[in-house]
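As recorded in TrEMBL:
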type     : residues : note
DOMAIN   : 10-66    : domain 'Malate synthase N-terminal'
DOMAIN   : 162-406  : domain 'Malate synthase TIM barrel'
ACT_SITE : Arg166   : active site, proton acceptor
DOMAIN   : 415-518  : domain 'Malate synthase C-terminal'
ACT_SITE : Asp448   : active site, proton donor
Amino acid sequence: MPISAPPRSAQVLGPPGHRHEEILTPEALEFVGRLVDAFAGRRLEILKERARVAARLASGSPLDFSVATSRIRADGTWRVAPPAPGLTDRRVEIAGPPDRRTTARALGSAAQVWVADFEDATSPTWDNIVGGQLNLLDAAERAIDLGTPDDERHGPGEHRTTVVVRPRGWHLTEDHLEFDGRPAPASLVDFGLYFFHCAQRRIDAGHGPYFCLPKLENRGEARLWNDVFLLAQDLLGIPRGSVRATVLIETVTAAFQMEEILYELREHSSGLTAGRWDYLFSLIKTFGHRTDFLLPDRDRVTMTAPFMRACTDLLVRTCHRRGAHAIGSMAAQLPSTDTGVAEAVRATVRRDKEREAEEGFDGSWVAHPELVPVCREAFDARLGTRPHQLERTRGDVEVTADQLLSVRRIAGPPTTEGIRTDVAVAVRYFAAWLRGQGTIEHAGSIEDTSTAEIARVQIWQWLRHRVVTRAAVEDLLTAELDALGAEFPWAPLDDIRALFERTAMARELPAFFTTDAYGRRLGRHPEGQ
Ligand SMILES: CC(=O)SCCNC(=O)CCNC(=O)[C@H](O)C(C)(C)COP(=O)(O)OP(=O)(O)OC[C@H]1O[C@@H](n2cnc3c(N)ncnc32)[C@H](O)[C@@H]1OP(=O)(O)O
Ligand SMILES: O=CC(=O)O
Ligand SMILES: [Mg+2]
């Protein structure tokens, strides 16, 4: 590695674990240290800018497309990089945490892409983070036994599923790894360790170092990522443009900067994905104080709601205009062992994926291997043998700020059942997350960080607008904690209650429950330990 500057002093503060030394090598830490050195300061600026924008919007400033960047949007000549090997046909992308079981199943599935997820699907314990990197390294070295399905499809030992890594967002730190006494930005740890160990291996195998970037709020954040890619490639002597990154449009401010985000990343861009769950979370977080943004139960806010449809139409239009893939959203339903329910789930997911294919998406996400064929059939029906539908430029689409922000048509109070469900989802998910599990099934649906965030901000919003009383939420919380305690006597009920009260019932809404819970429980100085 041609690194000449003096190494930053790295300190690994996490507990040692099985084969951690293979990931946390001096060279890998030095590489991450170089990234931290170059970009930690800009990350802090980004977090300050997020807070400034949030405060402006909360005080009534309008959100609109920026005049300052109108030239980028008006210029019809620029395009993103052409699709990279392994990212041309992306009709099915399966997401999941990079634990051993999921890694093997995802790579052995018939999905074109595996999104190895350190963000919404992972509880960032140190062991999950380093263990996830080990699994990615083993996968890159073909050292993971996939069982028979992949071998049958591709020949023994050959992994064909393209690996795309989703690092944690800019808001998080990794407290178990410090450089010069400061916790490292989690995004740079996840990106840097994977890039160091696997970028060249992935290129040698005919693909490349590919990423999926979560929770961006504006084009400055895309520029920061682009600069990270440039430096990382230069440091390891990897040709510029080898990296590809798909950005999730999952914050309401990013929806107003889709063109700009693609533009900033254009030499490394592989498109945009519609992150429907975090998008809803972001919308409530940003505008939840306004009565015209009072939303009903989560299951009433579907992708056919006009403001959601405006976002996906704009996403497809923007991507295809720029030669980039447009990838659809995760369906929440999980397969069931009950045959009747299982068929209903498949039918619901099929309709969702058919709608996306019809709208012009080039592929979509699923949460479970059994849903891979469902998604595939929906896109096969539309794409046939074509790898994508980039040629559908959707020139008819014009989306205004008002369309993106008009939630009035589905606005309304929640039902009692909706409130109960949100309390249950938050409590159950917090319990899982605190013990190191980043996705759960609840009542037939997948719940992850993004849906838990929706649950707790909905409660906050309903309390704020007095459509539910504090006493009623307290009662539901107590009932849910009692039920959890009866099932799992060891669950840290007091911690879960306190986390819920701080993140769903406080006057001021914290931006993320994960930053609060990480600092208190998963980080280096857990409370009470
Ligand atoms: C909003 C967003 O960001 S979505 C992205 C983040 N969320 C996700 O990625 C969710 C991914 N899904 C999951 O984690 C899981 O499906 C869960 C936790 C919800 C359910 O998992 P399980 O309880 O293990 O389900 P189930 O028992 O039906 O799984 C059957 C097999 O499929 C595997 N499997 C389940 N989901 C996945 C997945 N997404 N990817 C790969 N393999 C999977 C299981 O590991 C299991 O493997 P095994 O037979 O070798 O043990
Ligand atoms: O990351 C995906 C989402 O829907 O959130
Ligand atoms: Mg998300």
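Placed from the backbone N, Cα and C atoms, the Cβ positions cover glycine too.
Between the residue listed as 'active site, proton acceptor' and Asp448 (active site, proton donor), the C-alpha separation comes to 14 Å. Assigned with DSSP, the residues of the domain 'Malate synthase C-terminal' (415-518) fall into helix, strand and coil as follows: 71 helix, 6 strand, 27 coil. Secondary structure at Arg166 (active site, proton acceptor), as computed by DSSP, is strand. Just so you know, the Cβ of Arg166 (active site, proton acceptor) picks up 25 other Cβ atoms within 10 Å once every protein chain is counted. When averaged over the domain 'Malate synthase TIM barrel' (162-406), pLDDT in the model lands at 96.
The local packing around Asp448 (active site, proton donor), expressed as other Cβ atoms within 10 Å of its Cβ over all shown chains, amounts to 27. In terms of DSSP helix, strand and coil, the domain 'Malate synthase N-terminal' (10-66) has 37 helix, 3 strand, 17 coil.
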